[in-house]
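Working notes, structure below.
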Amino acid sequence: MANKREFPLDKTRNIGIMAHIDAGKTTTTERILYYTGKIHKIGETHEGDSQMDWMDEEKERGITITSAATTAQWKDYRINIIDTPGHVDFTIEVERSLRVLDGAVTVLDAQAGVEPQTENVWRQAETYGVPRIVFVNKMDKIGADFDKSVKSLHERLNANAHAVQMPIGSADTFEGVIDLINMVADVYDEDKLGSKWDTIPVPDEYKEEALKRRNELIEAVADVDDGIMDKYLGGEEISNDELKAAIRKATLNLEFFPVYAGSAFKNKGVQMMLDGVIDYLPSPLDVKPYVAHDPKTGDEVELMADDKKPFAALAFKIATDPFVGRLTFIRVYTGSLQSGSYVLNASKNARERVGRLLQMHANSRTEIPEVFSGDIAGAIGLKNTTTGDSLTDPDHPLILESLQVPDPVIQVSVEPKSKADRDKMDVALQKLTEEDPTFRAETNPETGQTLISGMGELHLDIMVERMKREFNVEATIGEPQVAYRETFTKEAKAQGKFVRQSGGKGQYGDVWIDFTPNEEGKGYEFEDAIVGGVVPREFIPSVDQGLQEAMKNGVLAGYPLIDVKAKLYDGSYHEVDSSEAAFKVAASLALRNAAAKAGAVILEPIMKVQVTTPEEYLGDVMGSITARRGSMEGMEDRAGAKVINSFVPLSEMFGYATTLRSSTQGRGTFTMVFDHYSPTPKSIQAEIIKKRGGEDAE
């Protein structure tokens, strides 16, 4: 028997809550769950019992790491909430959740306005075309400034954001909001945890200001809507419904961002923002079709939410759940799926059986018989599916483009304390790398040492912590190492010739390769320019393979060689002695021989670092950035503090948190995010080579 869909598609919202760390994102999500009847006790992040932050590490650090997907109900709408992390080290989680949600709420701290990580997540949301509304949170704090926060959206994000509300009071006197569309005031009763409020006419002392702001709002909407513009210029009355419809249309087109005010912690304004989610954010029917590819023909296929079409979904997160084991979070784009049925993992071309389907609520779950298009659910039983895989109807395979995964920039060695720990660690690392594609683990074949790499120190700290807590692995952690790279800066032609004659079958491979630098980020490219069969067809893939393998260990200090083009243009072979293996070796010799002539350099990751400090410490802070080989990119003022933008090599940033704390008496903060690779200065390059050589020579 077919199961019935509980909420129609137009009454479904898939949203993310995006913010800078500490802007109050988890508290905001908590309140949404509380007011939509999903939790009965409010948890505070800073007390460590928030409902969304369900991994122990998150509880300890009071930050949100994993995007848990939660289902809530507001009025007669279903809202699926993807909780996204606010810390830079977890940007992949944010990217991943942006892929599967249709709209987002950006939470700002009313004291700080737009902060560095807000800029990062905002840019990512632009990339994925996600419509947003903005919630200016923490209006109860001293120094809260709603207007300045709205202004920061224009100045720092170039966003056409406009208030649809005006706060009544701020800091201690913040008691509610005025709705500029319906021209009413929502005033809260302190004692009722925000679940009770009175909607009253706009108080007299706010009337004039509210009308002025309403007029500004209408003008802003008129700029993006011709219908409203015509009425406005003609002096005609614009109804509330017309205004809301125009705001919705412009918001869905990414031309307008409605701004709300509130205090999640003090339980004010969250319900009105929820109304905004329903009024202005898209349902799965409003978003532009999702583009997939037919693996057989390569043709593009547009997916619109429709339960009757063949099933297609994206696996966007793998989590290891203490109760049910391996849990795969999926977003369904078309069709429906019943528990117990088979799907095709089109990315791996393998059939998988879905055991059970769960609707997730932060850390409790409800089993459901079927999941429909536009929905988000957890699936149990998918053994081979990893993040970014496409799950489809076995008769209609499709590839839903996979996520772009950034390369890790930092590495540490992990040494298990005992043989038993070694076995447990292997299992732990396999599980953790499955869950998080930006986390890598590899064993150095020469030293037998295990190296883990990730997006920052916090990222690796948390992974090590999880190994200990979830898998009982006791391990010693080495000093963080930078993920250096190597590249060529000049063109160089070189021969690689491998000849071995010693009784029986010999070995013979001979190649001439022209190496040229490739554009940054383009990686390795191989070109076959052999004419007249001087290197037989069957050996050419071996040359390509030999180069790729040799490039993994670089030419200077054993770091991967990147961004190089290699053109195979000449060579020779021996009728009897030539083999694939011989040409592989010949290719690696050509690479070695080219290194000296090609101006090989070591590249280091350069981080975009933003430091916020009270003005009195500015000199010290700037001095410490310069001392770390940093280059200043500019400065701005923010809420009585100075914000310094700079680029600093990652190798110089270890331990910076401690330095900054002591030089600003704990008042300075910084964020850093990987920006680009750049050649290291000669002296530092020599040091790195010496250090690596010293290790290799032991």
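In case you wondered, yes, glycine gets a Cβ from its N, Cα and C as well.
Per Swiss-Prot, the features are as follows:
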type	residues	note
BINDING	19-26, 83-87, 137-140	GTP binding site
DOMAIN	10-285	domain 'tr-type G'
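In the predicted structure, the domain 'tr-type G' (10-285) carries a mean pLDDT of 83. Reduced to three states, the DSSP call for Asp22 (GTP binding site) is coil. In this structure, Thr84 (GTP binding site) belongs to neither helix nor strand by DSSP; it is coil. Using a 10 Å Cβ-Cβ cutoff, Met139 (GTP binding site) registers 30 neighbours. The number of other CB atoms found within 10 A of the CB of Asp22 (GTP binding site), across every protein chain shown, is 19. A 10 Å cutoff on Cβ-Cβ distances gives Ala19 (GTP binding site) a total of 28 other Cβ atoms nearby, all chains included.
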